[in-house]
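Undergrad: Before I ask anything, here is the structure I am working with.
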Amino acid sequence: MNGKKGSVEIDIPPPNKAKQPEDGNKSGFQGFPCKAWIWSAWEFCKDDVDRVIFSFKVGLAVLLVSLLILLRGAYEIFGTNIIWSIITVAIMFEYTVGETFNRGFNRALGSLLAAILAIAVGELAQLTGRIAEPIIIGLSIFLIAGAITSFVKLWPSLVPYEHGFRVIIFTYCFIIVSGYRMGNPIRTSMDRLYSIAIGGFVAAFVNVLVFPMWAGEQLHEELVNSFNSLADSLEECVKKYLEDEELNQAEFSEKVMDEFPDEPAYRKCRTTLNSSAKLESLADASKWEPPHGRFRNFFYPWSEYVKVGAVLRYCAYEVMALHGALHSEIQAPYNLRIAFQSEIQDAANQAAELVRSLGKDIWNMKRSLKTSLLNRVHSSTERLQRVIDMHSYLLTPHYDLLDNSSNPLPKLSHVLPTTPYDFLDQEDDVCSTNHEKSSNHLTQNLTESYYEMMRKHSRRLNSWPSSEVDPFEKGGGFRIGILPQMRAVKSTAALSLTTFTSLLIEFVVRLDHLVEAVDELSKMAKFKHEDL
């Protein structure tokens, strides 16, 4: 087609030039996952150094037990049964000392019960003769190791000992089958038991003496951190609500209200709500630990930490609701929010101070009276309630727009900024001081103010139907019937402030239960008494 009119020339690059960048991308792609994995592993270790320590502790425990096999003298004494020690260390060694002791107890009790049952069934099977012996052993494995044990471990009150029942299943099967082949179930059981005892001793020895990680200390620290996170989240939410003139609305998607990247305290509060399982797990592990560190009392009330955590989550629900009101579609105007700024800020600060003080007392293990702090919190909340009641006309406008009454409405102690939202509040003053103005002139001014307000704050009130402003956009005449709609728009937006303050007051009410729970913990744990 070359040389002909209308022909098209297609330039195809050589094959070697096309493959060169592809090979380079491939080699770079192969190197990237390795580098990314190393970096993620480094960040994982740097985030919690105890994870690295735990890994080395497990390696040390396994090495110590393996020396009994690697060293000829020890191997001649213990024989091949010492392999059970390695299995015990691998199964029993846990992150904290309490979890290790809990696993060790289940391991020891399960092995002991399985050995007793295996010896009894084995001796009974030997008395029945060679023909009936394998039948009895098979039936015992089906009933004892399978059906009965698996059914009992599902019993609700025995769920904490589920690991022990698993040990019974495989230990019984190993001992009964080995005893049948070797002809001596008692000897087989004893060899298994002392091998398991060696492994359990090594695991407990290494976990307690080499950088011990106590579940009680982690539970104590986790609860105190939850107190501080709750106080930080409350202060951050109130500060953002009062300082931001234009509140950013959350985009509704599949993850509505799930994450707010610019609010780290919100994520901490959400972690507090999800801490129930962690606190219960740490409390169960702490019960197995001996007195240590600052927790030198026998039978320390670790279960009270779980109860305090439950009451704390009860308060955290209100803080999450405050965050929801902060990011809701309908917001009170900025001038109305700052009108109650001092009262809202004072109530939130006093409540946050009380929460931090409770967490500090738990951390220092001291018992102090919170009467003065609690009274200040209640006083600030009552002051907020009184201000809301005195100036409720700002929240629920009921004054007739066309009424020329000269009775002025009560005013706040501080001056409100003048914004388009003030027109429904200021029109009473206009009516009282300008009786000579006609009703039509007042109606025209209100129309212009309303149109300006809706245009300036359209993004904040984007959830409202556009039909309410259509009469102004289309240039239609003003109708008296639109005034109730204007009141409804302003009233509904202003009521979001009532919702926010109500949630804050409810949070303060729940603090009474939190103070009682902390006081009960301090009594049972025998904290040092310190009067304010």
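Glycine too: its Cβ is placed from the backbone N, Cα and C atoms.
Unlike curated entries, TrEMBL annotations are predicted automatically.
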Undergrad: Write down the single range among 134-152, 305-323 that appears in TrEMBL as transmembrane segment.
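TA: Within the set 134-152, 305-323, TrEMBL attaches transmembrane segment to 134-152.
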Undergrad: If contact means at least 3 Cβ pairs within less than 8 Å, sequence distance 6 or more, would you call the transmembrane segment (52-71) and the transmembrane segment (193-215) in contact?
TA: yes
Undergrad: Could you tell me what the rest of the chain brings near the transmembrane segment (78-98), counting residues at least six beyond its ends with Cβ under 8 Å?
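TA: 54, 57-58, 61-62, 65-66, 68-69, 104, 107, 191-192, 195-196, 198-200, 202-203, 206-208, 212-216, 218, 282, 284-289.
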